[in-house]
Amino acid sequence: MAEGGTTLEYTPTWVVAVVCSVIVFISLAVERILHFIGKYLKKKNQKPLFEALQKIKAELMLLGFISLLLTVFQDRIAKICIPKDLANQWLPCQEKKEQTVTHIQTLFFSFLPHATGRHLLAEASGTASYCTAKGKVPLLSTTALHHLHIFIFVLAVVHVTFCALTILFGSTKIHQWKSWEDYAKNMEYDPEGVVRTKITQVQEHDFIRNRFLGIGKNSELLGWVYSFFKQFYGSVTKSDYITLRLGFIMTHCRGNPKFNFHNYMMRALEADFKKVVGISWYLWAFVVIFLLLNFVGWHTYFWIAFIPFILLLAVGTKLEHIITQLAQEVAERHIAVEGELVVQPSDNHFWFNRPRLILRLIHITLFQNSFELAFFAWIWFQYGFKSCMMGQVRFIIPRLVIGVFVQFVCSYSTLPLYAFVTQMGSSYKKAIFEEHIREGLVGWARKAKKNTKGNAFKRSANGSSQVGPKEESPLVLEMVEAYGKESAA
């Protein structure tokens, strides 16, 4: 018998076989489910969503590697000894209470004979005695390592699930705008002349009446206040959609007045999903900082709930204010215009002239909200509702209310706003083309860029200043650069 539990030498073979069978069955079931989902997405030509699924697989592989590291090095980590006074600083709870069996583990092991009263397989009391003999304590016990292992897994699963639900509900809201797209396409827009067949009084236009709040400092402040509350009700109206859609078309595709803006917006959102579903290094850094500061008396688990809440409100207000700014620009410059009212998209309306920064903030918001709810669920099932890490009820209820609020508003307001308003930048996204067209254009553009560099090198080698018979269009090079930037983002 080994210290801390029974080894495989003295474990019934049928127990080993049953446990291995269950683990293998669950692993194969998850793998096949992901495989069939991937086949379905490829069949439906949903390449962005397929790439998002591959991103999820990569995150699962990373989790598997973390699990492997924790399993292989748990004994070595537990044998790192530190002084007792150092181990009693920055504790999450005032008193240490050892638990050999947790709620979930009790339920699992209750199906096995003689399981009740056994230590966890990961618990090795020999490591504790190893440090005790030196008058010290382990840096991290094997039980704590096991609990940390479970927390990391729960965090990743909750984050991926919440991101998927956010995209699902947000897409449902955006699909409701399809009728506005059909209405706009049926309107006769001719960028070369037909739109100038009538005079539009700017102040009487629905978009201006709903968004223009006057001129001056007071109107600027009023615009921010209006944008703050506007994100909670009717964040995007029919006049907003039709006006901003026309502005996009007149800026980026004048030759196609019946361009399907709605489909383009959905393709761009699906492409962004694969970035949101991942867990970047700075998000893992946030987890480490929170675990560091989560000691007794600080109530870190409570204050952290306000981070995604504040970010969500800031992003939603900014997106609404961009629409207001577009209306402000037109109303201040014109009293009447020939044809339809057209806004001018520009990166200047976004923070630091970077529309993509909004996606980064939404990513952080979703992850931090997932982290908050995952941490709550992990403590509840691992240590119980009355655990000192759970905190008082007066702190628990606001955390849950804020978490649900953030998830709901992000799904039905902020995400659709992002998908719509970020198209008002100075450039378009590669999703403007269908997948098969985009692949052909990018291949042709790369080849043209390569040929351009080759011709320049030949002219330089020959010492000639003559220009070749045909220079490639700057749009070709711009496409390659835009494709590279989006791929790296």
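If you go along the chain as it appears here, the first residue is 1 and each next one adds 1.
Cβ coordinates come from backbone N, Cα and C, glycine included.
TrEMBL labels come from automatic prediction, so no person has curated them.
Per TrEMBL, these features apply:
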- 14-35: transmembrane segment (TRANSMEM)
- 56-73: transmembrane segment (TRANSMEM)
- 148-169: transmembrane segment (TRANSMEM)
- 276-295: transmembrane segment (TRANSMEM)
- 301-319: transmembrane segment (TRANSMEM)
- 357-380: transmembrane segment (TRANSMEM)
- 400-421: transmembrane segment (TRANSMEM)
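The transmembrane segment (56-73) shares the most Cβ pairs under 8 Å with 148-169, out of the stretches 14-35, 148-169, 301-319, 400-421.
Here the transmembrane segment (14-35) has Cβ contacts under 8 Å with residues 8, 53, 56-57, 112 of the same chain, all six or more residues outside its ends. Within the same chain, residues 56, 59-60, 63, 66-67, 70-71, 140, 269-270, 273, 276-277, 279, 287, 366-367, 369-371, 373-375, 377-378, 382, 407, 410-412, 415 sit at least 6 positions outside the transmembrane segment (148-169) and bring their C-beta atoms closer than 8 Å to a C-beta of that stretch.
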